[in-house]
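Swiss-Prot annotations:
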| type | residues | note |
| --- | --- | --- |
| BINDING | Y9, R45, Q54, V55, Q67, T68 | glutathione binding site |
| DOMAIN | 3-83 | domain 'GST N-terminal' |
| DOMAIN | 85-208 | domain 'GST C-terminal' |
Amino acid sequence: MAGKPKLHYFNARGRMESIRWLLTAAGVEFEEKCMKTREDLEKLRKDGVLMFQQVPMVEIDGMKLVQTRAIFNYIADKHNLYGKDIKERALIDMYTEGIVDLNELILTRPFLPPEEQEAKLAQIKDKAKNRYFPAFEKVLKSHGQDYLVGNKLSKADILLVELLYNVEELNPGATASFPLLQALKTRISNLPTVKKFLQPGSQRNPPDDEKCREEAKIIFH
């Protein structure tokens with residue numbers, strides 16, 4: 001029997017947090033190996049396990065996977081979170097790319113110089129309210145189903161709910177005008193594994209902050 005997936009990153013949300021969300025929603029227990037020094041990263045590179053010399057990296061099923069989207073897709077396909085046919089997968093991928101576009105602004109913000117963070121926050125609030133949230137609310141309204149695609153839980157639903165949490169941490173009440181998104185958030189938050197993940201003391205990381213920025217400098221620069 002294969003062991004638990006092992007996640008290689010540093011002690012932050014960053015690009016690994018969405019992977020944590022997907023594994024959690026799929027009911028998969030995982031281990032983490034957190035880099036703390038530049039030497040930890042260099043050892044992974046020297047060992048030849050980082051194809052493009054970068055993390056996140058996930059050890060799973062005998063593979064050492066890098067590139068976030070590839071990791072998303074493997075987890076989703078393995079755990080039946082990727083639609084029933086090629087058309088559903090295309091929609092799931094399309095929605096996921098939109099989610100990732102906005103989440104990218106959020107996950108990079110804490111690592112910007114402090115004087116640039118306020119402008120980035122304003123951009124996040126604007127794009128969430130006027131571009132991304134209305135688009136996903138419209139999708140849910142168009143078919144009246146519980147999930148974005150095929151009336152079945154997919155990676156897009158999970159990553160969207162992570163995004164909703166991320167935006168609301170920065171802008172409380174951001175989903176107030178989007179009742180279907182709120183309902184989706186509640187639905188997925190009540191999945192037993194996700195409910196546990198959202199509790200204090202779980203493997204969910206706190207929001208990235210100045211401490212994470214300093215750790216990243218030590219490891220990556």
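Cβ atoms here come from the backbone N, Cα and C positions, even for glycine.
According to its DSSP assignment, Q67 (glutathione binding site) is coil.
Ranking the binding-site residues Q54, T68 by how many Cβ atoms sit within 10 Å of each one's Cβ puts T68 at the top. Around Y9 (glutathione binding site), the same-chain residues six or more apart in sequence whose CB sits under 8 Å from its CB are R15, M16, E32, C34, M35, V55, P56, M57, listed in sequence order.
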